[in-house]
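Here's what TrEMBL has on this protein:
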- 6-26: transmembrane segment (TRANSMEM)
- 55-164: domain 'Epoxide hydrolase N-terminal' (DOMAIN)
- 233: active site, nucleophile (ACT_SITE)
- 383: active site, proton donor (ACT_SITE)
- 440: active site, proton acceptor (ACT_SITE)
């Protein structure tokens, strides 16, 4: 009788244990991924034929007709007198703008800059119905026994693939530039569809997830099943989405902007009390310095600096028409961002501080990429596609990122995101650095600082094989 009861008790215990194990595995929340977005962005109906996956060489070229048309428009520009002592507080100051246009007409050598653009190999390939343009630079030499690590670098608005031209040699050939060659990269810089020399989508709803899906296909087509990704501005969001779509293919994610779009109660509480109880919210001294007083450095700053985003997220084509028709208007619109986003204090200078960090040749080369490709309207539409459904409503905004993440936080970025906020989204931050100087266009403004941060981040990920632990 005792042995029968013992057997029954054992059965019950075994059943309970097995039931618990089965329940655990069934109820355990699966690591949710962002679905790959299979789209067709070409004109008209998607054809039945298989897509041509050829990778074709590309070179930047412009005709004499295009250049004479540009100079005619520059000659016929109408300028408005600025308000006295207004500097850059009302936007691009037209006294300085006249100087830029004079330089553009009389000294800027576009043909020489075309040679600069073409010094790195460029290609096009058709993905999801549209031509994708990208720069692909291989390492000129490799230390013995080492292979180059593929690194996808994604720009934003109003930048272009040209933003990376100063950082590329530091990553593909670090030893020649005084940097450690423990890790050497093969760099791939695509133009976001609708930007630069990538074809613009012909259909609505091409958002950051669409771009991430296209770039994922691009990396696989180039033969990279594992790679690193780096971005700021829209590149931040596209690379973040790519980490959510293909976490097992991304070894690490490096960002020089890490905005958090889903704000919870603790975020609000930390804004109200973080200045007085920083430790409670995980804030460092540098966070306090960059964020507070929050009304001035957070809310007012966003209100003052985001008018363009509201226009582009609602009626991009209306404003875009004027910019696509006037090179002077286009220059004024883009230069203002390169001033303010590099350092807000530059608003107090009549020349917007533009030549303190950039050369006119660099600034005009970026503007020319927008002009000769006629892409300004399609680039502005990207705001509408990403923001028209509201902030915090998209699936990707609710999903965490588990890929090893490195964040380089530049002091003059328009909005500061403390690590305490970032790690709610990026659950595997292995490197977070307060950079000593620099603003929004980090790769163009401070290429050495950014390259060093990418190199140390990748070193950490590789040494500790962190991608295996995500």
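Using N, Cα and C of the backbone, Cβ positions are placed for all residues, glycine too.
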Secondary structure tally of the domain 'Epoxide hydrolase N-terminal' (55-164) (DSSP, helix then strand then coil): 37 helix, 26 strand, 47 coil
Reported mean pLDDT - the domain 'Epoxide hydrolase N-terminal' (55-164): 97
Listed in sequence order, residues with CB under 8 A of residue 440 (active site, proton acceptor) and six or more positions away: 232, 233, 257, 337, 341, 342, 410, 412, 413, 414
Greatest C-beta neighbour count within 10 angstroms, which of the active-site residues 233, 383: 233
